[in-house]
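Comments concern the structure below.
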2 protein chains.
Amino acid sequence: MLQKFKEHININFPFLKDKKLLIAISGGVDSVVLTHLFSELNFDISLAHCNFQLREKESDLDEEFVKLLSQKSSNQIFTIKFDTEKFASKNKFSTQIAARELRYNWFQAIIKKHGFDYVLTAHHADDNLETFLINLTRGSGLDGFTGIPKINGNIIRPLLAFSREEILAYAKINTINWREDASNATTKYIRNKIRHTVLPLLKEINPNLLETFAKTIENLQESKQIIEDRIADISAEVINSKNDILKINIEKINQLSNPKAYLYQLLKNYTFTEWNDVYNLLSAQSGKQIFSKTHRLLKDRAFLLLSEHAIPNENEKFLITENQTEITHPIHLNFEVVQQKSIENKQIIYVDKNLLKYPLIVRKRQNGDYLYPLGMQGKKKLSKYFKDEKLSLFEKENTWLLCNNENEIIWVLNHRQDRRFVNDNNLKISLKPT
Amino acid sequence: MLQKFKEHININFPFLKDKKLLIAISGGVDSVVLTHLFSELNFDISLAHCNFQLREKESDLDEEFVKLLSQKSSNQIFTIKFDTEKFASKNKFSTQIAARELRYNWFQAIIKKHGFDYVLTAHHADDNLETFLINLTRGSGLDGFTGIPKINGNIIRPLLAFSREEILAYAKINTINWREDASNATTKYIRNKIRHTVLPLLKEINPNLLETFAKTIENLQESKQIIEDRIADISAEVINSKNDILKINIEKINQLSNPKAYLYQLLKNYTFTEWNDVYNLLSAQSGKQIFSKTHRLLKDRAFLLLSEHAIPNENEKFLITENQTEITHPIHLNFEVVQQKSIENKQIIYVDKNLLKYPLIVRKRQNGDYLYPLGMQGKKKLSKYFKDEKLSLFEKENTWLLCNNENEIIWVLNHRQDRRFVNDNNLKISLKPT
């Protein structure tokens with residue numbers, strides 16, 4: 001296999017030559033063989049091992065094993081211990097996802113700090129086929145059937161073209177030792193079941209299954225590429241991006257051959273899971289919104305607005321006492337007693353300090369808010385005022401209000417002053433742009 | 001199941017109501033149950049049974065069985081016997097493809113002749129999943145993973161949402177008899193292996209596998225839809241169609257993100273199988289060509305030309321004796337002795353009959369052909385003449401030549417006359433457009 005591997009590297013990964021490589025090593029046969037192969041070929045390698053502390057003593061024994069291995073082969077080794085369960089529960093990740101996050105983030109950190117060029121992982125052809133079948137049993141879409149990429153940024157998977165059988169045979173011939181993974185996590189259970197019962201049957205039907213499958217994966221990756229091209233085209237047509245908010249034109253989406261399919265593709269990277277809710281937004285009332293782990297999608301008249309997730313805490317209030325001349329959070333305001341009005345613009349108002357009841361309050365809109373807009377007659381509901389000014393829902397939510405201690409609006413920041421607090425204009429209030 | 005089926009029909013196939021339906025019935029449990037269900041719901045059904053004569057006596061017993069069934073239920077039945085093997089070998093189809101061709105063509109013929117609205121087939125959810133796995137073992141692309149469509153023109157598959165288990169249970173409860181398919185064809189062998197060994201394992205992993213899979217299929221169909229949209233876009237950009245020849249702009253193909261992937265999509269319906277050869281044409285020398293069962297793809301300078309398959313027989317010659325006044329094959333020519341030239345155009349030439357050596361020959365170009373083009377000086381190789389006239393390779397191949405019995409060119413039809421045979425213009429030769 002060494003010769004075949006050498007040729008494979010030369011043809012598929014010629015750029016690895018003379019580079020500083022970091023091999024992700026668990027202690028299992030795949031990563032130990034990968035390390036052995038790169039050693040034999042005299043590449044400049046170091047090792048990186050994550051102890052996820054998921055299997056108690058076994059995890060520590062794995063760590064000891066790879067440390068010993070690195071000593072014997074005089075390769076530099078990096079190790080780290082993770083409290084994976086804690087990280088998972090804190091972030092509401094599955095253990096598997098948590099481990100992946102921790103592992104790849106750590107690799108990238110080492111790469112950056114120590115000047116490595118690439119991380120190598122030991123995924124092989126059977127892994128790809130097993131993942132395909134796992135995703136089939138779970139339900140999936142094209143993305144679940146296109147396999148692990150052999151090159152993904154600085155992550156390289158040189159064994160993807162090799163079978164578990166070849167790797168095991170190589171380990172045997174070279175009397176390589178490794179650690180068996182004794183894990184019994186659910187995904188491991190399913191993977192083992194597929195590995196030991198389903199795959200052998202499929203390989204009976206087609207003894208060249210792995211090669212056939214490699215071609216299948218390639219075909220599906222090509223399909224994915226075409227979809228990505230199409231989605232890039234469509235994005236340019238239906239999406240406007242402004243201030244980190246993506247504005248999706250609903251009418252244009254509805255004109256496409258399959259609006260749901262397109263909406264899925266446009267939004268699939270924003271951690272939504274309840275796709276029917278997403279689709280239903282297309283025809284929902286304005287103001288309806290749904291949240292993913294990281295994002296929020298809001299129906300706003302003819303658009304869907306996508307933004308990073310930050311549920312505004314509508315109850316949060318920031319107080320300003322009578323003698324305060326400045327606040328810096330959540331917005332930056334200056335208070336200055338003056339003789340008379342001078343500069344005037346949207347960021348500056350003048351009020352009569354004697355009419356204010358302290359402490360003042362900075363807050364977001366609430367139900368029942370109203371104001372007496374300066375320069376207009378009568379009283380107006382804040383909601384009506386916003387509507388007349390054609391503010392989007394996002395703008396409404398992001399607009400701060402300066403109120404007195406009876407919750408009466410003094411200033412709709414960046415928009416309009418209330419005329420009740422205007423008389424002797426001896427207090428200048430200025431908003432500093434953030 | 002009857003109630004569930006009724007609701008399923010009302011929701012998914014409301015248009016079947018009061019229509020004339022033709023049920024494709026093999027005699028197996030699926031099609032017999034389908035027939036039973038539609039009878040129970042009082043639809044207007046007739047039956048159609050194909051005897052493919054692939055299993056000798058068994059095939060005839062199947063036919064008898066469904067005939068008897070139709071008598072009992074007083075449904076009209078159409079039956080036909082096919083010599084499937086002969087049809088397959090004649091058309092170089094696999095037995096399976098041959099049977100499918102024969103079956104669906106016959107259904108369409110009955111539909112047309114007898115005024116049916118739809119054909120119903122009994123494919124069910126397990127069929128879809130089995131086909132998915134068969135295609136996985138064989139190697140496939142997205143098209144092999146999107147399942148059988150539940151509605152495809154006038155072909156309807158009302159049982160696709162139901163499992164084999166449900167169908168068998170319905171047959172049992174209603175004491176329905178059916179014929180077991182004793183076939184041992186290879187595809188049957190693989191299908192049975194998957195049905196009886198692989199699927200049960202996957203269903204252990206996920207007891208709701210069929211439902212999950214239905215969603216997966218839907219996702220993949222959506223991906224396929226997006227690809228089709230993209231390919232429609234791209235076709236409009238890179239393909240010109242003229243005289244049944246598709247002209248594919250190579251430069252534009254090469255500008256796409258993945259030229260091979262696009263070329264596959266553009267050409268996938270033209271029965272090519274050697275895809276590497278197809279891809280290599282992109283960079284091949286002009287003149288290189290490859291053939292599929294039905295089509296031919298020719299590299300012609302900056303283009304790939306796709307046309308229906310008709311390999312020209314370059315050696316074929318058609319003789320014209322001295323007294324003949326007309327030939328009609330391979331082209332239509334008239335010979336008329338006249339006093340003088342009158343009408344002139346590209347379809348008519350005048351020659352000196354005394355200079356012709358009979359029999360004349362109609363043929364395609366050969367190596368070494370040359371002519372003395374009328375209206376030009378000197379002698380010219382035919383290949384050079386074609387090149388100067390900027391004929392495409394297709395045009396070159398499709399141009400007929402009229403020669404004398406020494407193979408000297410008298411007329412490049414539709415193009416130019418040779419000046420050696422011009423003197424006393426007493427023979428008018430006219431080409432009738434085909």
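From the backbone N, Cα and C atoms, a Cβ is placed for every residue, glycine too.
Annotation source TrEMBL lists ATP binding site at B:SER26, B:GLY27, B:GLY28, B:VAL29, B:ASP30, B:SER31. Annotation for B:GLY27 (ATP binding site): spatial neighbours B:HIS49, B:ASP62, B:GLU63, B:PHE65, B:VAL66, B:LEU69, B:TRP178, B:ARG179, criterion Cβ-Cβ under 8 Å with sequence separation of six or more.
Look at TrEMBL and you will find B:210-237 tagged as coiled coil. Using a Cβ-Cβ cut-off under 8 Å and counting only residues 6 or more beyond its ends in the same chain, the coiled coil (B:210-237) has close neighbours at 125-126, 128-129, 132, 142-143, 145-147, 161, 163, 252, 256, 262, 265-266.
Annotated domain 'Lysidine-tRNA(Ile) synthetase C-terminal' per TrEMBL: B:360-429, in sequence order.
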Other C-beta atoms that fall within 10 angstroms of the C-beta of B:GLY28 (ATP binding site): 17
ATP site shell beyond B:SER26, B:GLY27, B:GLY28, B:VAL29, B:ASP30, B:SER31, criterion: Cβ within 8 Å of Cβ centroid: B:ILE25, B:VAL32, B:VAL33, B:ALA122, B:TRP178, B:ARG179, B:ASP181
